[in-house]
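What follows is a set of notes on a single structure, which appears directly below.
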Amino acid sequence: MAELQNDRFLRALLKEPVDQTPVWMMRQAGRYLPEYRATRKQAGSFMDLCRNKELACEVTLQPLERYPLDAAILFSDILTIPDAMGLELRFQTGEGPIFDKPIKSMSDAKKLFVPDMASELGYVMDAVSTIRKALDGRVPLIGFSGSPWTLATYMVEGGSSKTFAKIKAMMYDQPATLHHILDVLADSVIAYLNAQIEAGAQAVQIFDTWGGVLTPRDYKEFSLNYMAKIVDGLKRENDGRKVPVILFTKGGGQWLESMAETGCDALGLDWTTDIDDARARVGDKVALQGNMDPSVLYASPDRIREEVATILEKYGQGTGHVFNLGHGIHPEIDPEHAGAFIKAVTELSPKYHK
């Protein structure tokens, strides 16, 4: 593998000194880019795009051709694991992901298995190694997975949900069933992320998109415990270099201390937590990633720059901050505005690293 030319993203995650604050965007390869929309059309369906290593590589690199980003993130979907378990994933226009075989009972849950990474999910690893080769050491490649709780919400609800009624009913009425599902998912995520690391991912992120819908007690029992199990099972070094792990619970600002205890290297923050408060609470233990509201990108480039300046000032001097949005970039954002965001971080952050 080619020598890494820009490692400031990895260094910041490990709280090592950097020359400026590294920056990337969740969903940076996505629908806001016209070139992504063209490749997506060429692929046919969304999952066909994920399964074609050349096209997945192409869309992963597209934002790097436009912007001076400090990391690339694998183009894939969090639902690849449940799909490989035989739940038959499809995407319905306007509705999002749908599973034709949702899990309703313990007998359904008992049929779940840890997918074979080479045969069932080999297309993901092929994409990782193809992208890593194409990057040729420009920037590190991030691998990722959904958290067990977040994956389970889709598997039990049969798709997206606003109320999470089915999974919460299972959680309160059949907790043993839900724990069984989460256990199999945690083992699957460990195998999945380790396979991505073997294939060339240089950092990994666990996306707990729906952890924030839980009570504090339920969050610990049904989400955090399983993420801690994953962190514990991950390969933390490859090619003689540490592989940092980022945990991101959307809406998880109240639980940062507990999250920092898992042994992860960094915590993702959404925009509902002040980064200065987060640093005061857990900055001695972990790096922080975030946390501009993605909706700021609808505003003018001057307003975007102001917001970037505020967040940099709130975090303050020194390393341990990776600049990002507080969640994925919205599909309607003007690519020029995303560019103004990246430019502001690269121009305004060096003074915090002197």
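Any Cβ shown, glycine's included, is placed from N, Cα and C.
Listed in Swiss-Prot for this protein:
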- Arg27, Gln28, Ala29, Gly30, Arg31, Asp77, Tyr154, Thr209, His327: substrate binding site (BINDING)
- Asp77: site 'Transition state stabilizer' (SITE)
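Note: the CA-CA distance between Tyr154 (substrate binding site) and Asp77 (site 'Transition state stabilizer') rounds to 13 Å.
When the neighbouring Cβ atoms lying within 10 Å are counted for each of the binding-site residues (Arg27, His327), the highest count belongs to His327.
Cα of Arg27 (substrate binding site) to Cα of Asp77 (site 'Transition state stabilizer'): a span of 10 Å.
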